[in-house]
Amino acid sequence: MTMSENSRNLEAGLLLRKNQNDINECRITAVVLFSTFVSVCGSFCFGCAAGYSSVAQTGIINDLGLSVAQYSMFGSIMTFGGMIGAIFSGKVADLMGRKGTMWFAQIFCIFGWVAVALAKDSMWLDIGRLSTGFAVGLLSYVIPVYIAEITPKHVRGAFVFANQLMQSCGLSLFYVIGNFVHWRNLALIGLIPCALQVVTLFFIPESPRLLGKWGHEKECRASLQSLRGDDADISEEANTIKETMILFDEGPKSRVMDLFQRRYAPSVVIGVGLMLLQQLSGSSGLMYYVGSVFDKGGFPSSIGSMILAVIMIPKALLGLILVEKMGRRPLLLASTGGMCFFSLLLSFSFCFRSYGMLDELTPIFTCIGVVGFISSFAVGMGGLPWIIMSEIFPMNVKVSAGTLVTLANWSFGWIVAFAYNFMLEWNASGTFLIFFTICGAGIVFIYAMVPETKGRTLEDIQASLTDFLQ
């Protein structure tokens, strides 16, 4: 055999191995699909909880005689509970595991729905809502992290975006059935996805990256093998995880203050900045009190909620498709641009209405503005910050970073949700003008700071950001 023939055989062998690795990376197994479905049952719970306060407002106020301030507390206290959950989310997810954390969260979610369903006064309403908020605070961190850690890199964005899709499904479901079901029965319906996740969690594998971090190499490989398929060659991916964990183990243990080192600054600024933009754009307040916005704009809230329910799921599906085709960065820019435009439209609509101008058109403008804003949010800004958060932090600081980023999200979400009704009473047009300005600033921030992470391994993304300022 000649040297040239040996060379060709070697090249053919290397090409065959590369193609086999590519096939393994591209494979989407039934285990990955089922594991993702089980985890996003928690996202569905989140969506149901977020939509509940809007459709239940009239019934609860009439039955229990709550004031606007009392109901604002009930509506917003879920975000305060989420803030508490966020403080513990990273540590709990590392100590109990991703699966254990989801199971633990559902205990509080189930208690919360039962407390709301049986409440006789505002105190039990608030306790139940606070408990549900604590649960979704834990879930909002652990679900995208778990999905990012189990999925192949080429579909990671789409699978993590299923988190936002299922939130939209839960929100849409409650927007629809809330018009026909008593608020107590609606709370009991919220128990169904909680129970479904509790049962199905027993049948999915733990995150292989977390098992690797714990030093359970055998269990890590077994989990990875089940996720990639029995006949898949997982050696390269398993070795990458092992090498990364060894590198992190050799360094000092992570503390919150470590996040303020120069090497982690880009990741922290991007993660926290996107969460602040998501909340300060007014998205949470609008979804919690969308009925009030429709009524104030002269559009029937029951019809508006139904329109939203029909539109939100296709828009979230569109985002799931586009996240791997367009990439994270372009989709974020398009989504924030849409939110910016529709905030301005709502500002003009309420301004015209306050001066008695275009009385026949302002309700239509309000409907278009609300539906357009929430649709734009669902396509990108609703889910992408969580995707990027799950990608940009190395395992050695993921606990501290995840806690900080999730805490920032829920803290500002609580402020916006609590103040939203009061801001609308103060000046509806001015309120949406403020949100327009924030969305405009967000476009500049995304363009200047947020990198594209599509199609890259977690280790590659994290290394590039860590070395950015070195």
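Cβ from N, Cα, C; glycine included.
Per Swiss-Prot, these features apply:
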- 10-16: motif 'Essential for the localization to the vacuole membrane' (MOTIF)
- 28-48: transmembrane segment (TRANSMEM)
- 68-88: transmembrane segment (TRANSMEM)
- 99-119: transmembrane segment (TRANSMEM)
- 130-150: transmembrane segment (TRANSMEM)
- 157-177: transmembrane segment (TRANSMEM)
- 186-206: transmembrane segment (TRANSMEM)
- 268-288: transmembrane segment (TRANSMEM)
- 303-323: transmembrane segment (TRANSMEM)
- 332-352: transmembrane segment (TRANSMEM)
- 368-388: transmembrane segment (TRANSMEM)
- 404-424: transmembrane segment (TRANSMEM)
- 430-450: transmembrane segment (TRANSMEM)
Using a Cβ distance cut-off of under 8 Å, indicate which of 99-119, 157-177, 332-352, 430-450 has the most pairs with the transmembrane segment (186-206). 99-119
Most CB pairs under 8 Å with the transmembrane segment (303-323): which of 28-48, 68-88, 268-288, 332-352, 368-388? 368-388
Looking at the transmembrane segment (68-88) and the transmembrane segment (157-177), are there 3+ C-beta pairs under 8 A, with each pair at least 6 apart in sequence? no
Quick one: do the transmembrane segment (130-150) and the transmembrane segment (332-352) reach 3+ CB pairs under 8 Å, ignoring pairs fewer than 6 apart in sequence? no
Under 8 Å between C-beta atoms and at least six residues away from its ends: which parts of the chain pack against the transmembrane segment (332-352)? 274, 277, 281-283, 293, 296-297, 319, 326, 358, 361-362, 365-366, 368-370, 372-373, 375-377, 379-381, 384, 428-433, 435-436, 439-440, 442-443, 446-447, 450
Residues of the parent chain within Cβ reach of the transmembrane segment (99-119), under 8 Å, 6 or more residues beyond its termini: 39, 42, 45, 49, 52, 64, 85, 89, 92-93, 125, 127-136, 138-139, 142-143, 146, 184-185, 187-188, 190-191, 194-195, 197-198, 201, 204, 206
